[in-house]
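Annotated features, as they stand in TrEMBL:
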TRANSMEM  37-59  transmembrane segment
DOMAIN    40-529  domain 'Amino acid permease/ SLC12A'
TRANSMEM  71-97  transmembrane segment
TRANSMEM  118-141  transmembrane segment
TRANSMEM  161-182  transmembrane segment
TRANSMEM  189-210  transmembrane segment
TRANSMEM  258-278  transmembrane segment
TRANSMEM  299-323  transmembrane segment
TRANSMEM  335-367  transmembrane segment
TRANSMEM  388-405  transmembrane segment
TRANSMEM  411-436  transmembrane segment
TRANSMEM  448-470  transmembrane segment
TRANSMEM  476-498  transmembrane segment
DOMAIN    541-628  domain 'SLC12A transporter C-terminal'
Amino acid sequence: IMSERTPLLHYRLVSSVNESEQPSPPATEPSEQKLSVFFGVVIPTLLSMFSVVVFLRIGFVVGHAGLYQTFLMFIVAYFIISMTVLSVCAISTNGALDAGGAYYMISRALGPEFGGSIGLMFFLANVCGSALFVLGLVEAILSTFGVPEATALQVLPSGYWWSLLYATAIALLCLFVCLIGAHIYAKATFIIFLVVIFVLLTVFISFFIVKPTVVTLPGSVVNMSGFPTTANFTGFKLETLWGNQWGGYTLDYTTGNMMTFASVFAVMFNGCTGIMAGSNMSGDLKNPSYSIPRGTITAVIFTFITYNLLSVLVACSCDRVLLQRDYSFLGDINVWHPFVIIGVYSSTLSAAMSNLIGASRILYALAKDDLFGKVFSVAKRTSRGGNPWLSVLISWFLVQLVLFSGKLNTIASIVTIFFLLVYAAVDLACLALEWASAPNFRPTFRYFTWHTCALGIIGCVVMMFLINVIYASASIAFMLLLLLLIHYLSPTSSWGYISQALIFHQVRKYLLMLDVRKDHIKFWRPQILLMVSNPRSTVGLITFINDIKKSGLYVLGHVQLGDLSTLPSDPLQSQYDSWLSLVDHLNIKAFVNLTLADSVRHGVQHLLFISGLGGMRPNTLVLGFYDDCLPRDKLIDPTLTSSESPNPFNPSQDLEEPPLFHFASLRGSSDGQDYGEFGNGKALGPQEYVAIISDAMKMLKSVVLARYFNDFERAQVTSPPSSTSGKVFVDVWPVNLLRPDSSSYVDTCSLFLLQLACILNMVRDWRKAKLRLFLCVEEGRSVRGSEEKLGQLLKELRIKAKVQTVPWDQVVALHWQHEDTAGAVEEENEEDYVNSFPSNATRVSDDYMSAVNRLILDQAQPPPAVRFLYLPRPPADTRRYAAYLRQLELLTQDLGPTLLIHGITPVITTDL
């Protein structure tokens, strides 16, 4: 019967999938919920790790590597898998586990992207693994009963179609068992376990009771003339042990390839996998947190001792030629030759069934989680007893498709790499949970650290590339592709994202390191608080301010009027989703901060005091301008105009109203409750508006007032039509136009204007814009000297701008005429109060402001995309706030998008 041996190559391939995943059956089967440590974890893990390796691969490893290197290989291999076992034990003892095994652990720890991509690869690996074991069983049967030249009778015909028929019959047998239910397989597992253990005992006993004999070597698939045709089983001899101590790598008689340490180690490592078979039984265990650590570790230790003990017995009793030329020699030296055949058949059939049922349970878990939408939705169906029969049928159908390929040499390596990716992902999940320092991660199994997780990841990745560099790279690329696909197309899950915990951990650490006492002007950047009443009318301003933040802090602030003591709950909590959806919709990098106050002024004070954290706090306040322009709704519901097809991965997404549009309607509508954009609503008067500006300056915050951004379209402004020569201009007026007697261009506020204009010009979409800097001059003064002085300043500041001189003698004359006619009595009455508070505003007439406005308009050829103007301080006398606001309104009348800017602190330097 054993005169013709099945080549090791096949078993090396088919046994590369030793992941006999024992999935959890549905919770509706009460008989499956009471498995103990031994029956639920130890037996499945032992069968997965032994498989056919213990019978057909030990001699291959010892014959080529020698006893010492064999010990080294087992130590390294078990060190790698032990690191993963520690991670599995840690995650399994950190809460209740559901069906799905490794997929469930990874998805709930790393999120749907990693879980879905690894889960799909895990499913495919189990499908291919089941097919590989079926083909392995077919070849094992044909090697015994279907070889014409064998001494035994040929009772089975051979050939491709006959082999396919036998494989289909075995696959149907596995399908029948899986369709009945997992409880049938659970009962069969114990019987198979007893058979394998009994055969293993006969192997150990045979070394002691079988007398020395000569074994006829099998034929080779390559020409190996000159090699002996027989080899010796010597029994225990010191000479035999001495000859097998050191490595003796030679050609593999089944393939003709030269063996090396790496190739032998890769083959041997396949027999050490299967460590997750017990953890995947979590749904069937009495106490998973107790059973998984103890059962898995017990199985790993038992197999380690068995492999090493068997290696010693082989090295002491078998000639090296026998080990290198006959990989199934254990049957020849057994007390009864068919025992080993029975062991091979049993272990292979068990592995084929367990991979099929494992694939079906993984598919069922993927379908339940809706990560792929309608693609896997049919796999959710179950029988009355809870068995996912349709998942079993789909898995069996895919196994049958793989069987048509015949011998799957290349797929075998890919399957092994897929399993290693799963192990690495489990280690990564445990590492991420440990690094995140989440309070809820407190597993009862504490014999692990982040070092063991990292070593497990490194070991799995190294083994992947040791097996096959190309397949390992392709598998990682495939995983990343699936990850991106799920990230962009799958619905948001409620499992929690470990990335958020890791980001929080790192951000907190770096915020503590961001010391405000070490701030320097060289590294200043705008950190902006933009006050928004209703985003429906401020989309243009929100997107524009996003361009001038220069990687700084950007906060959208909103004040809702109300008194919490009179309300049943906080009304702001339900609004955050809408604001965050707005941030996503506009594709800006901003935070949202909402507050409840009795007035807008107090609300802005709250936000200026509390927004930000540590060294990241707003230093610039941006307000919409106070005018009577009617706001326009710039948020249009895309579901009313979109013609795109529904998202197949999230069909419910198209039926729900996005929270983006849950903002109040604009003023002028039927409800009339919204106070509109800052400065133009019922809830905010001119006096309070200017008071907000004054409060911000008292708090040493720079202030920016934005006007005419209601219709601002960033795409149109930065890409003008060819009819306008295609040029974009940004105008800067760095002089206080409300103080004609002050013509300084180098004060703090002027330099702040230049800095913001320069920042805007550094943004990618604004790089083609040309800065125009306007220099106001009077007759009798050196125009060339002023222009050269300003040009030199720009050169030192590394700002590229075109300086244009603007004569404004007539405008200044209007101012002095008004000063001459001003009432001396009024000045005398207010002198004490005015001098009690610093202000750079002065009294000017409406005619003067209109003249300045016309002057600015006359210089706008062609008109700029945006203007930067100097914002003076509000007057010290609060009674003049309305006049101050009137002056600003006249100054910016019909100028288009305009920013009135007042800088408080130095923001620019010429130092290196």
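Keep in mind that glycine also has a Cβ here, set from the backbone N, Cα and C atoms.
Between the transmembrane segment (388-405) and the transmembrane segment (189-210) there are fewer than 3 Cβ pairs closer than 8 Å, counting only pairs 6 or more residues apart in sequence, which means the two stretches are not in contact.
Of the candidate ranges 37-59, 299-323, 335-367, 411-436, 448-470, 335-367 has the most C-beta pairs within less than 8 angstroms of the transmembrane segment (189-210). When Cβ distances are compared across the two stretches, the transmembrane segment (335-367) makes contact with the transmembrane segment (118-141), since 3 or more pairs at least 6 residues apart fall below 8 angstroms. In this chain, the transmembrane segment (71-97) lies close to the transmembrane segment (411-436): three or more C-beta pairs between them fall below 8 angstroms, excluding pairs fewer than 6 positions apart. Within the chain, the transmembrane segment (448-470) has long-range Cβ neighbours (under 8 A, six or more residues past its boundaries) at 79-80, 83-84, 86-87, 89-90, 262, 265-266, 269, 413-414, 416-417, 420-421, 423-424, 426-428, 430-431, 434-435. If you look at the transmembrane segment (37-59) against the transmembrane segment (258-278), you find at least three C-beta pairs under 8 angstroms, all six or more positions apart, and that counts as contact. Residues of the same chain lying 6 or more positions beyond the ends of the transmembrane segment (411-436) and with a Cβ under 8 Å from any Cβ of it are 12-14, 16-17, 19, 81, 83-84, 86-88, 90-91, 94, 102, 105-106, 109-110, 114, 118, 121-122, 124-125, 128-129, 132, 270, 273, 275-276, 402, 405, 448-450, 453-454, 456-457, 460-461, 463-464, 467-468, 471-472, 474-476, 479, 498, 501-502, 504-505. According to DSSP, the secondary structure content of the domain 'SLC12A transporter C-terminal' (541-628) in residues is 35 helix, 22 strand, 31 coil.
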